[in-house]
Amino acid sequence: MREMNLLVTSSLGVLLHLVVLCQADDDSELLVNTKSGKVMRTRIPVLSSHISAFLGIPFAEPPVGNMRFRRPEPKKPWSGVWNASTYPNNCQQYVDEQFPGFPGSEMWNPNREMSEDCLYLNIWVPSPRPKSATVMLWIYGGGFYSGSSTLDVYNGKYLAYTEEVVLVSLSYRVGAFGFLALHGSQEAPGNMGLLDQRMALQWVHDNIQFFGGDPKTVTLFGESAGRASVGMHILSPGSRDLFRRAILQSGSPNCPWASVSVAEGRRRAVELRRNLNCNLNSDEDLIQCLREKKPQELIDVEWNVLPFDSIFRFSFVPVIDGEFFPTSLESMLNAGNFKKTQILLGVNKDEGSFFLLYGAPGFSKDSESKISREDFMSGVKLSVPHANDLGLDAVTLQYTDWMDDNNGIKNRDGLDDIVGDHNVICPLMHFVNKYTKFGNGTYLYFFNHRASNLVWPEWMGVIHGYEIEFVFGLPLVKELNYTAEEEALSRRIMHYWATFAKTGNPNEPHSQESKWPLFTTKEQKFIDLNTEPIKVHQRLRVQMCVFWNQFLPKLLNATACDGELSSSGTSSSKGIIFYVLFSILYLIFY
């Protein structure tokens with residue numbers, strides 16, 4: 001009996017010792033001492049375990065008061081302990097009220113209080129804390145007019161936990177707050193949102209080692225405006241040393257909506273002034289007046305500055321300023337003037353449908369959206385707002401089934417393709433072909449799985465932005481009612497992304513599964529991402545992308561000064577004849 005008591009006592013002692021050790025380990029992970037100051041974590045559940053999260057760490061001084069529109073300034077070190085247990089404010093932005101209460105649109109709206117004091121980042125760290133883990137840094141999208149790092153769809157805990165990476169998300173100013181551009185002014189130089197991102201990258205570079213991450217392994221990834229931002233950091237000399245690899249989801253930095261000239265940036269700033277009744281005696285007067293306005297006053301009129309009615313165009317975006325971007329994006333791509341590394345990138349099947357719903361006549365989330373011929377023609381004009389009449393005729397000819405041109409479904413799907421090809425897919429294909437000539441390894445995907453629980457109507461297909469939930473592991477959450485096949489797809493995508501971040505190659509070195517091939521300019525191979533076994537294809541939408549990337553620009557350039565070909569009446573037939581002749585010559589010589 002005495003021996004049994006001793007055994008029990010000894011066992012209890014061992015257990016208590018283990019508990020103390022575990023508690024000590026837990027306490028050692030509670031605080032992180034960064035170069036800015038001490039940060040206290042929160043411990044959050046993930047699947048059947050836990051992970052450490054550091055939410056709302058400041059990386060810049062609040063851009064408020066006279067700091068509105070200025071470049072960011074680094075956060076001054078703090079004394080005491082920064083409590084990083086709750087998400088930060090969302091940046092001031094336009095809120096989508098088109099479909100109040102509808103979860104498909106509400107999921108993208110701010111879910112925290114909006115404030116100009118919003119420059120914070122979030123970090124998810126596996127537990128126990130790793131020694132030198134790969135770092136993945138997310139940049140959200142939203143057309144440079146909206147977006148928040150705190151959205152449920154961007155919760156980094158599943159990706160960090162399942163793939164054992166340190167996951168970071170940052171915030172940056174959007175709309176006029178981040179991209180008002182008066183070139184030559186230090187008070188509103190433009191590209192402040194991109195500089196916010198760069199400052200966050202610098203903070204991560206300087207401090208991520210204290211969280212168990214390796215600063216030499218940072219992979220940037222982002223979607224839509226986020227992936228345009230990622231591409232812009234690839235191009236910008238001042239950003240290149242702050243990360244190693246890049247993942248671009250749904251597009252590239254050269255998309256037609258993603259940047260404007262400094263002259264157009266200034267015109268939009270002046271137009272904002274006019275809408276808010278500000279004085280235009282000088283840039284200083286204009287900026288001071290805009291600083292005195294409430295944030296919502298700027299947001300309420302920001303769409304008024306666009307030069308024409310359009311789809312997939314946004315008011316305040318990056319400018320090609322000669323500083324962040326030394327020269328035009330095209331000249332930098334042609335010269336190989338960018339960071340040469342491995343990139344993984346791709347698009348979704350129906351990149352255009354979301355934007356048609358918000359701007360084109362005849363489209364509705366509550367119907368099949370069968371589009372009349374008249375509405376189709378109106379949609380073409382909105383989709384290619386810079387084109388003259390002959391250019392619009394060319395787009396119409398390219399995307400019309402002339403055996404069935406009054407078919408409402410074909411007209412609907414044709415506009416979906418026009419918007420997606422013009423604004424996302426074909427700019428990406430132009431970028432990837434230019435980049436691959438100089439890069440060190442490129443992988444291309446085509447995401448074509450429509451989630452089983454998607455609340456948007458069937459006609460919208462595989463929508464812009466709806467691969468993100470698979471990248472961040474939401475199908476692993478049983479309560480969200482994804483299928484087992486979708487959970488497997490999400491795990492596969494997360495593993496592709498993380499393996500690429502770790503090695504520069506999404507494939508497992510010794511896996512017997514089908515391989516994701518390198519993209520080359522000659523073969524242009526890519527894979528489908530869906531619940532089926534991997535399939536390899538070549539030359540993604542090559543016919544349409546030759547039209548957008550080569551033919552249409554030459555056509556518009558050739559007819560830019562010919563007023564007759566842009567007028568109505570009898571010149572329409574002249575335009576068709578010119579188009580046909582130009583097409584024949586193009587096919588012969590190109």
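A Cβ is built for glycine as well, from the same backbone N, Cα and C atoms used for every other residue.
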Pick from Cys426, Cys561: which cysteine does Swiss-Prot list as forming a disulfide with Cys545?
Cys426
Long-range neighbours only, meaning 6 or more apart in sequence with Cβ under 8 Å: which ones does His464 (active site, charge relay system) have?
Ser224, Ser250, Asn348, Asp350, Glu351, Gly352, Ser353, Phe354, Phe355, Gly420, Val424
Does DSSP give Asn83 (N-linked glycosylation site) helix, strand or coil?
strand
When you measure from the Cβ of Asn481 (N-linked glycosylation site), which residues in the chain that are at least 6 apart have a Cβ under 8 Å away?
Ser452, Asn453
Between the Cα atoms of Asn440 (N-linked glycosylation site) and Asn83 (N-linked glycosylation site), what distance do you get, rounded to the nearest Å?
41
If you measure from the Cα of Asn557 (N-linked glycosylation site), which of the disulfide-bonded residues Cys91, Cys278, Cys545 is the nearest?
Cys545
Would you count the other CB atoms within 10 A of the CB of Cys426 (disulfide bond), including those on all shown protein chains?
26
Would you identify the secondary structure of Cys91 (disulfide bond) according to DSSP, in three states?
strand
